[in-house]
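As structure tokens, the structure follows; a few thoughts come after it.
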Amino acid sequence: MEVFMKLSSIAILLIIGIVPLALAGVHDYGQALSKSILFFEAQRSGYLPGNQRVKWRGNSGLIDGKVNGVDLVGGYYDAGDNVKFGLPMAFTVTMMSWSIIEYGKQMATSGELGHAMDAVKWGTDYLIKAHPQPHVLYGEVGDGNTDHYCWQRPEDMTTSRNAYRIDQNNPGSDLAGETAAAMAAASIVFRRYNPAYSRELLTHAYQLFDFADKYRGKYDSSITVAQKYYRSVSGYADELLWAAAWLYKATNNQYYLDYLGRNGDSLGGTGWSMTEFGWDVKYAGVQTLVAKFLMGGKARGYGPVFGKYQEKAEHFMCGCLGKSSRNVQKTPGGLIFRQRWNNLQFVTSASFLLTVYADYLTSARRNLRCSSGTVAPFELLAFAKSQVDYILGDNPRATSYMVGYGNNYPRQVHHRGSSIVSIKVNPSFVSCRGGYATWYSRKASDPNLLTGAIVGGPDAYDNFADQRDNFQQTEPATYNNAPLLGVLARLHAGHGGYNQLLPVEIPFIKPAATQLKPKTSAPGLIAISHNTTSSWVANGKKYYRYSVTLTNKSNKTIKNINILISKLYGPLWGLTKTPNGSYGLPTRVSSLPAAKSVEFVYIHAASAAEKNLGKHPQQLQQQERQETGKTSDTLRKESGTMRVKLVLTKDELQWLLLQLKKDDGRKLEQVLGEIEKSRFRVETSVAKWKPCLQSIMELDSS
């Protein structure tokens, strides 16, 4: 007998009144936003969670990092291949985070904020793994040469999964700097929802910025296999400023403001006037952020220097509008055009900067100053809207360049996963070269719809050929979609008088207590007892410890219970996580006999909700770590009236003892004392003990 259960939560959105924007046209920007976010689920690598919505995908890349002795499972495939490139992945995370930071309220109104945050966390979970030491960062898994030789589903790939890294002897300031920016930006996204995770991201951001600044060099000189695919043409100076800007925004730490002020000239922030913004060239993004600091009154003595940053930011805006001495090229249909290969990446990123800058100017009650005259903020937003509308179908070909949006969109996308029949439909192995013969050359629509993907787009004359081998125009990429999330959210929700220069506050999605619902095929088999056992306050936020008891009320033995968990960011103990992301019986229990019970506990930052087993079923949210069963060693410390009990696995105990011997001479009692003080929090001062902190099974006092 098998019982399926769902453990889910209620998301309560705090929504400010929104007034529809007169800009809203015939396009459904809310639908486009939903589809754009969904695309990221098709790009996932690793073990897919139970709430995976792109059903034709399966688990993949499950040995990534193994040959290098590090766990690099997870993350995103960048485009239509099966390689994980660190630089564009980190930029994708930064831009998704920036979209949420600016327009999280608007995303909340459309119900997509949770999905957007999930997309960010899928990326940051991987980036944390890729940064195992302060001065070590893995920047690529797989290589483009062997990968492009084959045409296989990610679930079938037989190509090299070697991992490539930068370190003190092989630096990569651009890669480390962009990853620091991604971590810092994402820390803002999770600050209210998951403070411990936010602090962990900041710890990595601090270390990565220090690494990037202290050991300078281009990453593609160290990871040479990336040169053919993601060469850092602009160098690393822009990423150093970009990372500093995001760290200042995340921390308000004067050090990073000083860095921007003192290095603006030498690193090009005040000198370069750009007409592009993307995964390689970050200057326009830095200049826009610094201009926001200036308009928000945060220059702190660097007003003249930050004014130079702003001049360059406004040069970018004026150039996009065609009102500068150096304007961007446009197609006859009005689309920004920079290059034939994947041109839409520059369109979506420029549209994002135009959108946020329009709102910054509105908040500051200013106009844009261009060489051809003054431009009102609404003109920037109107131009950004025109670019988005072009992508969605308002163009000479009447083609939507977002897959699955509208009626006329690309059907032969240059994408391995979408072009080959799903492994769930036909599990027969697709060989390296066989994929080219059978699927790549097939002149028919893709068997799997790559919903929401923004492809490369048309050429300089608005022409487009929907052919799978036309990779310059039909291949999608994660960094095409990431900036678009914010613009679509802005256009969909309209303008409600919000001030973009005020401190960032992501709308709070309050998780209610977890609920259980047996599948209807097995009603009444499981009785559920859900109780609050303790609570405490940390950093002004109240946490609860819940105990859930499942009792077999049938007269038969249940051999398997599958529990799906959603919107639970705290730790959970007493169940075993399965490869497909659900939870089952603990390893010590092979079955649940009649009238017997099993208990699990979890920590949750919400008070208990009413028990309602028939509403709000959701699927599994990816958990921060995998619980591997009961442990076998216990450490105890007696100190006065406080007892700290840590239950560790043998491997974790050996790791802890090793660290105590070789690190900084701290005694076991000191380490445990720090853990007791942190109570499930990973502080910067004890970040090195994270593997130990994650092993906490119980903290009690007597």
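Quick reminder: no glycine exception, Cβ is built from N, Cα and C everywhere.
Annotated in TrEMBL:
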ACT_SITE  H414  active site
ACT_SITE  D466  active site
ACT_SITE  E475  active site
COMPBIAS  624-636  compositional bias 'Basic and acidic residues'
DOMAIN    526-607  domain 'Carbohydrate binding'
REGION    613-636  region 'Disordered'
SIGNAL    1-24  signal peptide
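Local packing around the active-site residues D466, E475 was summarised as the count of other Cβ atoms within 10 Å of each Cβ; on this measure the leading residue is E475.
The Cβ neighbour count for H414 (active site), using a 10 Å radius and every protein chain shown, is 24. In this structure, the C-alpha atom of E475 (active site) lies 10 angstrom from that of D466 (active site). You'll find the Cα of H414 (active site) roughly 9 Å from the Cα of D466 (active site).
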